[in-house]
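Visitor: I have a structure here, written as C-alpha cells, and I will follow up with some questions on it.
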Amino acid sequence: MQCITVGLDERSYPIYIGRDLFAQLSRLLPQLPNQILIVTNQIVAPLYLEQVQQALGDGQLVTHIIGDGEGEKSLHNYQHIMDTLIAHSFNRDCAVIALGGGVVGDLAGFVAATYQRGVDFYQIPTTLLAQVDSSVGGKTAVNHPGGKNLIGAFYQPRAVIIDTDCLATLTDRDYACGLAEVIKYGIIHDAQFFEWLEAHSQDLIQREPQAVAYAVRRSCEIKAEIVAADEREQNQRALLNLGHTFGHAIEASHYDSWHHGEAVAAGTAIAAEFMRQQDELSDQDAERIRRLLQACNLPVVAPSMPLSQWQDYMQRDKKVKAGQLRLVLPTAIGAACLRTVTDWDRVASAISACNSACNEHD
Ligand SMILES: NC(=O)c1ccc[n+]([C@@H]2O[C@H](COP(=O)([O-])OP(=O)(O)OC[C@H]3O[C@@H](n4cnc5c(N)ncnc54)[C@H](O)[C@@H]3O)[C@@H](O)[C@H]2O)c1
Ligand SMILES: [Zn+2]
C-alpha cells in the first residue's frame with residue numbers, strides 16, 4: 001500500500017492507495033465515529049457495499065443509495081440525504097462516507113460540508129476518474145438546471161481510500177475517461193510521467209495492475225502537490241482545467257452522448273492545436289498529445305457545432321473573469337499556462353484545424 005499526504009496544515013489528510021483495501025477499512029480509519037452514513041449508488045452498491053459495511057463493523061451504519069448518472073448530483077438528492085441524516089438523529093460527530101464515482105463523491109461531500117455546518121467526510125472512490133481526480137482536493141458540489149457544479153463548497157475529506165481492484169468492474173468507456181485526467185497531469189506538470197504514459201499506454205488500456213497502480217499514484221501525487229500549493233484555485237490549481245473549457249462546451253451541448261473524460265480529451269487536443277498554431281507548442285509535442293489520447297481510446301475530434309455555440313458555452317466557464325475568456329493552454333509537454341483569449345477567430349481556427357487534421361489521420 002502507498003500513502004500520499006495532502007499537506008494542508010491541520011486539515012492535512014492521507015490518500016491510501018492499494019489493492020484489497022476495503023477489507024482493511026477499520027484499521028486504516030481507526031478514528032471513525034459510531035454514526036456513519038455511506039452514500040453510494042445503484043451500480044456500486046451491489047458490487048462493493050457489503051464488503052465495506054462488513055469492514056466498518058457494528059456502529060450505527062446507515063446507507064443512502066442514489067440512482068446512476070450525472071443527473072443524480074442534484075439539490076433534490078442533497079435534500080433527501082439530509083432527510084436521512086435527520087431521520088436517524090445523526091449528530092455533529094457523525095461521518096459521511098462516499099462510496100462511488102465523482103457524482104457520489106461530489107454530492108456526499110457537499111452534504112458533509114453543510115450538515116450541521118460540517119461533519120467528517122471520507123472518500124472511497126470507485127472510478128478511475130474519481131481515484132485520480134475528484135476524490136482529492138475538496139471540491140464538492142451539486143448541479144443546478146442553470147449549470148454544472150454551480151452550488152458547492154471547498155471541503156476536504158479526512159482521508160481518501162483508493163482500492164484499485166474495484167476498477168476491474170468499470171466499463172471500458174468509463175475507464176478511458178479516467179485516463180483523460182491522468183494524461184492531463186503529464187501534460188501540465190510532468191514530462192517524465194507523460195513519457196511513461198506513452199511507453200505504457202497498452203498496459204494501461206489492459207488495466208495491468210502495476211501500471212494502473214503507478215498511474216493512480218503519480219496522478220494523486222501531482223494533484224496533492226497542486227492542491228497543497230493552491231487550495232482555492234487562485235492560480236496554479238486552475239491548470240487542472242486543461243481541456244475543460246472546450247470540454248464543458250461539448251458536454252453541455254451533447255450531455256447524453258459525451259462523457260466528461262471524452263469531452264476533456266477532445267478539448268485537450270484543441271488546446272494543443274491552438275498553441276501549435278501560435279508557434280507556442282511544437283508540432284511534435286502537439287502530435288504526441290494527440291497520439292497518446294488516441295492510444296488510450298479517447299476522442300480527439302469534437303462534435304461539429306457552430307462557433308456561436310462554442311462561444312456561448314465557453315463564456316459560461318467559471319474561469320471567465322470580467323467577461324474575458326481564460327484558457328489553460330499547454331506550452332510544452334510538462335508545462336501549461338492560464339491565458340486570457342480575446343480573439344475568437346483563433347479559437348475557431350484551432351477547433352476546425354484540429355478536427356480536419358485529425359480526420360486526415362483517421
Ligand atoms: N470534485 C472534483 O474535483 C471533480 C473533478 C473532476 C470531476 N468531478 C465530477 O465527477 C463527476 C464524474 O465522475 P465519474 O466519471 O466518476 O462519474 P460517475 O460517478 O457517474 O461514474 C461513472 C459510472 O461508473 C459507475 N461506477 C462507479 N464505480 C464503478 C465500479 N467500480 N464498477 C463499475 N461501475 C462503476 C457509475 O455508476 C457511473 O455509471 C462529474 O460530476 C464531475 O463534475 C469532480
Ligand atoms: Zn475533469
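Each Cβ is built from the backbone N, Cα and C atoms, and glycine gets one as well.
In TrEMBL, annotation is done automatically, which means it is predicted and not curated.
As listed in TrEMBL for this protein:
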type	residues	note
DOMAIN	65-175	domain '3-dehydroquinate synthase N-terminal'
BINDING	68-73, 102-106, 126-127, Lys139, Lys148, 166-169	NAD(+) binding site
DOMAIN	178-320	domain '3-dehydroquinate synthase C-terminal'
BINDING	Glu181, His244, His260	Zn(2+) binding site
Visitor: Check the Cα-Cα distances from Asp68 (NAD(+) binding site) to the binding-site residues Glu181, His244, His260 and tell me which is shortest.
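Guide: Considering only the listed binding-site residues, the nearest one is His260.
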Visitor: Between the binding-site residues Gly71, Gly102, Gly105, whose Cβ has more other Cβ atoms within 10 Å than any of the rest?
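Guide: Result for the most crowded candidate: Gly105.
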Visitor: Tell me the Cβ neighbour count for His260 (Zn(2+) binding site), meaning other Cβ atoms within 10 Å of its Cβ, over all protein chains shown.
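Guide: Taking all protein chains shown, His260 (Zn(2+) binding site) has 24 Cβ neighbours within 10 Å.
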Visitor: For Gly105 (NAD(+) binding site) and His260 (Zn(2+) binding site), determine the Cα separation and express it in whole Å.
Guide: 15
Visitor: I need the CA-to-CA distance for Gly102 (NAD(+) binding site) versus Glu181 (Zn(2+) binding site), whole Å please.
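Guide: Rounded to a whole number, the Cα-Cα distance is 13 Å.
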Visitor: Enumerate the residues of the same chain, Glu181, His244, His260 excluded, that satisfy the criterion Cβ within 8 A of the mean position of the Cβ atoms of the recorded Zn(2+) site; list them in sequence order.
Guide: Leu129, Asp133, Cys177, Ala180, Lys184, Gly243, Gly247, Gly261, Ala263, Val264
Visitor: For ligand 1, which among the binding-site residues Gly71, Gly102, Glu181, His244 have a CB under 6 Å from it?
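Guide: Checked binding-site residues vs ligand 1; flagged Gly102.
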Visitor: Run through Glu181, His244, His260 for me and report the binding-site residues whose CA is within 10 Å of the CA of Gly71 (NAD(+) binding site), in sequence order.
Guide: none
Visitor: Quick one: Cα separation, His260 (Zn(2+) binding site) versus Thr127 (NAD(+) binding site), in Å?
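Guide: It is 13 Å, counting Cα to Cα.
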Visitor: Please identify, from the binding-site residues Thr127, Thr169, the residue with the sparsest Cβ neighbourhood, meaning fewest other Cβ atoms within 10 angstroms.
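Guide: Comparing Cβ neighbour counts within 10 Å for the binding-site residues Thr127, Thr169 gives Thr169.
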Visitor: Quick one: mean pLDDT on the domain '3-dehydroquinate synthase N-terminal' (65-175)?
Guide: 97
Visitor: May I ask which of the binding-site residues Thr127, Cys166, Thr169 is closest to His244 (Zn(2+) binding site) if we compare their C-alpha atoms?
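Guide: Nearest in space to His244 (Zn(2+) binding site), counting only the binding-site residues, is Thr127.
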Visitor: When you rank Thr127, Cys166, Thr169 by Cα distance to Glu181 (Zn(2+) binding site), which of the binding-site residues ends up on top as the closest?
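Guide: So, of the listed binding-site residues, the one sitting closest to Glu181 (Zn(2+) binding site) is Thr127.
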